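S.K.: Got a structure for you, questions after.
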Amino acid sequence: MPTTSRHKHRIYFAYGINMHLKQMAKRCPNTRYLGVAKLSGYRWQINERGYANVIEASAESRASPTTVQGLCYLIGAEDELKLDRVEGVPTAYQKRVLRVELVLAKSSLVGRDVSEIASFSGEELKAGSGRGEAEVVEALAYVSKDYIKDGPPKGEYVARMRLGLRDALELGMSKEYARVIERVVAVGMRGAGAGGMGRPPATSPRPRPQPSRTAAPRASPPTSPASASYYYFAFGSNMQLAQMADRCPGSKVFAKGILPGYRWHINERGVANIVATATQDGNDNAVQGILFTVTPKDVKTLDKKEGIAKGYYEKIVLRVKVEPLAISGLKGVKTVVAAGKLASNSQAEAREPRKHRHGQDQHGQRAEVAGVREVEALVYLSSQYKKDGRVRAEYVGRMQLAMADALKLGVDEAYLRASLHSCILGVDEAAVSAHGKRDFIVRQPAGDASGAAQTSGSPKDRRIIERVPAGTGYQAAA
């Protein structure tokens, strides 16, 4: 039923990104936390607008109990008006009063300002989660009656939804339910509801490549987690094959990748990150990198290395354009083997002619990899740490090696110079040769015993991408 606020306070049921405590504290600073709740007879979805919604379960689906889980807050009239604005009432969402089963949190959390508990550690949240009996209460919920078709999530929404799931899990949401929601969020599954409908995968679902119209349909992905593989898009230090092989021994090199609508930067933590840009058309606003296939075990390692549990990065699935590697013989090769081949001089003979800008061949035709134009790939990015910052000293050497490998594998030199080079090494306009041209050099990573710069070979054979004359003593930014 539609409602208007006639009370000083009311219970609000959040099932989407408002489960993220820090966001809720920012939107509604006077709100108090109550506990976890379940809404029966509904299913959770991402609708055609790309946002979370709940819709009444169909008669066919009622054979298996359908519920939506979320968090309940106590909100005042002023905060309710703020929610009305951010939720787009009455166009995008409408206000409903629904009956939910609420389990109050323990005394350490219940009734506290959400801005206060947002600063609590995960252990403190878990310790205060309720485990008592549920009581049925009437709660305000924002529901869309006009946008009820299943659809893929908006890119910017995925990371925020994952933060909400993280907080809700620590506060008592069931792991099984959260895994099903994660499955929907990860790939924008159509027609798959949440709440006991189907067995969730052991890891994030396998991203599937998008075939061209003439390509044969792909076989169904393997159902066994042990045999499943996933696409992973590396844009930072994991472009270095030796590091990637060490971290993910089951990985294989697949292709060059281009992610439109994002820009590369060093964030305030001093490491690589990507942030969404205003436009997503063309490759001018795009991030280039290397696509790998990885195993579920590799994904777990990446989660740990990238600091998923600590909130340093979020793992999302994005559509990445596929272009051939500059060395076609490395496609599908184990990363550990490819790293050795890439380092050997014999690979110079196997290298194919340089592709034109943005993956076009000499005839101007856009290149593809076995008919695949794009894939849905795992991408690790941070929505929390997205301010420009200064690169960490220890990160410089690893990124130098990563840029060198990326260049050999086909990432555009112009992109590396414009987007990565100045962030990693800085700019030294004085370091120009007498002829007014910069020479490619090899310079060992920071901390090398010699610290000397030496010229050798073609640009693709060099470890460090830099055009300065040898012997200038050019130093990397600390």
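Placement of Cβ uses the backbone N, Cα and C atoms for every residue, glycine included.
The shown structure was predicted, so the numbers you read here are calculated from the model rather than taken from an experiment.
Quick paste of what TrEMBL says about this protein:
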DOMAIN    12-102  domain 'Gamma-glutamylcyclotransferase AIG2-like'
ACT_SITE  Glu87  active site, proton acceptor
REGION    192-224  region 'Disordered'
DOMAIN    232-322  domain 'Gamma-glutamylcyclotransferase AIG2-like'
REGION    344-368  region 'Disordered'
COMPBIAS  359-368  compositional bias 'Basic and acidic residues'
REGION    445-478  region 'Disordered'
S.K.: For Glu87 (active site, proton acceptor), which of the three DSSP-derived states applies: helix, strand, or coil?
M.R.: helix
S.K.: Count the residues of the domain 'Gamma-glutamylcyclotransferase AIG2-like' (12-102) that DSSP assigns to helix (H, G, I), to strand (E, B) and to coil, and report the three numbers in that order.
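M.R.: With helix first, then strand, then coil, the domain 'Gamma-glutamylcyclotransferase AIG2-like' (12-102) has 25 helix, 42 strand, 24 coil.
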S.K.: On average, what pLDDT score does this prediction assign to the domain 'Gamma-glutamylcyclotransferase AIG2-like' (232-322)?
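M.R.: Average per-residue pLDDT within the domain 'Gamma-glutamylcyclotransferase AIG2-like' (232-322): 90.
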S.K.: Would you mind checking how many other C-beta atoms are within 10 angstroms of the C-beta on the residue listed as 'active site, proton acceptor'?
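M.R.: I get 20 for this one.
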